[in-house]
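Chemist: Once you've had a glance at the structure underneath, I'll fire off some questions.
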Amino acid sequence: MKVTVERAALFRSLGHVHRVVERRTTIPILSNVLIRANGGELSLKATDLDLEVTETLGADVGQPGAITAPAYVLFDIIRKLPDGAQVSLETSGDTGQVTIRSGRSRFTLQALPETDFPDLAAGEMAYRFRVPSGELKRLIEKTQFAISTEETRYYLNGIYLHTLESAGKPVLRAVATDGHRLARVETTCPEGAAGMPGVIVPRKAVAEIIKLVDEAGEAVEVELSPTKIRLTMGPVVLTSKLIDGTFPDYQRVIPAGNDKDLIVDKAEFAAAVDRVSTISSERGRAVKLSIADRRLTLSVTNPDSGSATEEIEVDYDATALDIGFNAKYLLDITAQLDSDTALFKLADPGSPTLVQDREGASALYVLMPMRV
Amino acid sequence: METRAALLCRDCLARFAAAPGPRPRCRACGSPRVFGHAELDSLAIAHIDCDAFFAAIEKRDNPELADKPVIIGGGKRGVVSTACYIARTYGVRSAMPMFKALEACPDAVVIKPDIEKYSRIGRQIRSMMLDLTPAVEPVSIDEAFLDLSGTERLHGSAPAETLMRFARHVESELDLSVSMGLSYNKFLAKIASDLDKPRGFAVIGQAEVVPFLAGRPIGIIPGVGKVTQERLARDGLRLIADVQRLSDSDLARRYGEEGLRLARLARGEDRRPVKPERETKSISAETTFDEDIADPQRLAPILLRLSEKLALRLRKSGFSARGLTLKMKTSDFRTRTRARSGFPPTQLASRIFDIGREMLVRECDGARFRLIGIGASDLGPAEEADRGDLVDVTAPRDAGVERAIDRLREKFGGDAVMRGLVFGARAEREKH
């Protein structure tokens, strides 16, 4: 194999691909990135056996072929080469090495043959549809924070993507929850997606998609099989295994009858929560909301350090109510809202609360209260 | 303080001057249990050990057993956990395999241990110890070190007398006897409590310590087990006297740090302080099988029963589990442990079992197991347990169910309510 490529392009693509590689892996070839040169293109591929990212870029192919080389070392080498340089990658006979040349620099890396490189073997993808990039990004960005890291409930370790009829219209919906908060965001159902099975996209894939989605011009092509998902974002193709589990029936925990409406100025509210929570303890970050007559009092009491209160004016006509929430969760949710005002729909101090944009947007959040 | 050669009656705590000649009976009550020691009033580190604790409790609770040999233990492969003093005259010892114990003493009454009961009584005794001094270091359910330094004014008596009063108090309140050792450090107090069992009281003072230890086997030193004893015996060290004869540098050269420790203990030096009770860090339940098991289908009901046991212990002690550890011992005595954390705090057998089973199934790789156990670590307060969340909406209801099962079992016995998986496994066993 012999291929020459522009340093900036290679650096950018390797930057996308090499993140998939686990720093500590016991299988040597998983530390490597697969480099394949063929027909005027260079393709790079990395995998951790659950997730695979491939990117293709234009290159001057002197001799087609393929090899695998240590991903992080290669990335660091390319990173340190001067901008605007040309880089050539060449395998040298059967010595099992790959040589990188650029200007007066020359590196030789131990390589492993392409044949040992694992393939996720995506197989037949039964569903295929295109989602506008911005919409996909919104679905994921606004739900990602609620993904659980709890090993025991592994089926919560991802975003649940599914289609359904909502208010008489077919929608594609993303849901994530860790049991304490839930995020639900939807978009118009893309053509070809209706009837797709509900799938749970794992956390690591979600994090990569967010970083790669901007590569995809207008739309992302999504393909689904019962066990895998593949997203084509411009020159980047990400294939991931899905979480093999059943996402809980989240609909029943979304409160329908909460009738106490609290409307707050989002920025003012978030700043106040942030201030009073300064003195809260590491473990219990509860902030108490006391709401009466258009006035909201936020307070935190920490037996070890002291107390804090702050009052803000709000829109609230229902009966007075005291309720506690985790300060961090309140901040996470308000950060996701688009409009300047947030609407809290409350029931009582022990029941889940609904949070959304005042102008009924397509994003909706549920928050479990804490005892205060 | 009283005169140094004073005698002290262990029954009525009367003090009187020693006279030459054989040890007299108590001048106040006539009891022969009179004790005297030159350093009696200057020693303050005690080791207290209940006599045949489990067996004594069973005998106390069932007077018909009073003059019968009683063994606490159980199961085909079980071992003796406690033998009463009558059974011991037949040669039955703790940790002896049950079949051997029954060969030695076929008439023994075998009773399955009721650990809940023994712990309850153990806690009562512990709280009586804490009335004497806050410096109580529990060693096990029925055994503890006490540092009684500086308690003379509080109790109006020297530690020796305070201890004797304590022993009388345990006998009258709980109808159980204890053996006590008093000395100036933990190592010697522990040896002393073993000298005069049962219902014993013994003292080791500074003056006699070196000759006293000289004639003892080296195995009484803590940490010197069978293997070390054999190694030392090969080097000609059998008695503590053999160690005393060697210089510190000799021992250090031969055995390193451990050699220096031997040298110090052989002279009766032990600087470990009495550390007051540690807070509970983990609670667990485990069981050894009658035969090794590899099949996850057969292990599951056992794990479920252990999960129920652990859940009950958590509820009784007012803790919730924020972490769980599965322990499995293979037929070749290798121990595997697997841990999980990050789940909502729980005291529920069903949640513990679900998490435990997931770990268990992964370990069932054909290996045969002789023991499994499940333990709660990272304990939290009970109030945090099973509050339910957006995903686990049934937790509060399940907690109600398990509390109701607790009440039924308390009233009608442990078998009154059984989970289907355990019941099925039992029915299957009985069919064979």
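Each Cβ is built from the backbone N, Cα and C atoms, and glycine gets one as well.
Pulled these from TrEMBL:
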DOMAIN    B:45-225  domain 'UmuC'
BINDING   B:Asp49, B:Asp142  Mg(2+) binding site
SITE      B:Phe54  site 'Substrate discrimination'
ACT_SITE  B:Glu143  active site
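Situate these features within the shown structure.
Modeler: The domain 'UmuC' (B:45-225) scores a mean pLDDT of 91 in the predicted structure.
B:Asp142 (Mg(2+) binding site) is surrounded by 24 other CB atoms, counting those within 10 A of its CB over all protein chains shown.
The Cβ of B:Phe54 (site 'Substrate discrimination') has B:Ile72, B:Ser81, B:Thr82, B:Pro113, B:Tyr118 as same-chain neighbours under 8 Å, each 6 or more residues away in sequence.
Sequence-distant neighbours of B:Glu143 (active site): residues of the same chain at least 6 apart with a C-beta under 8 Å from its C-beta are B:His47, B:Ile48, B:Asp49, B:Cys50.
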Chemist: Applying a 10 Å Cβ distance cut-off over all chains shown, what neighbour count does B:Asp49 (Mg(2+) binding site) have?
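Modeler: B:Asp49 (Mg(2+) binding site): 20 neighbouring Cβ atoms within 10 Å.
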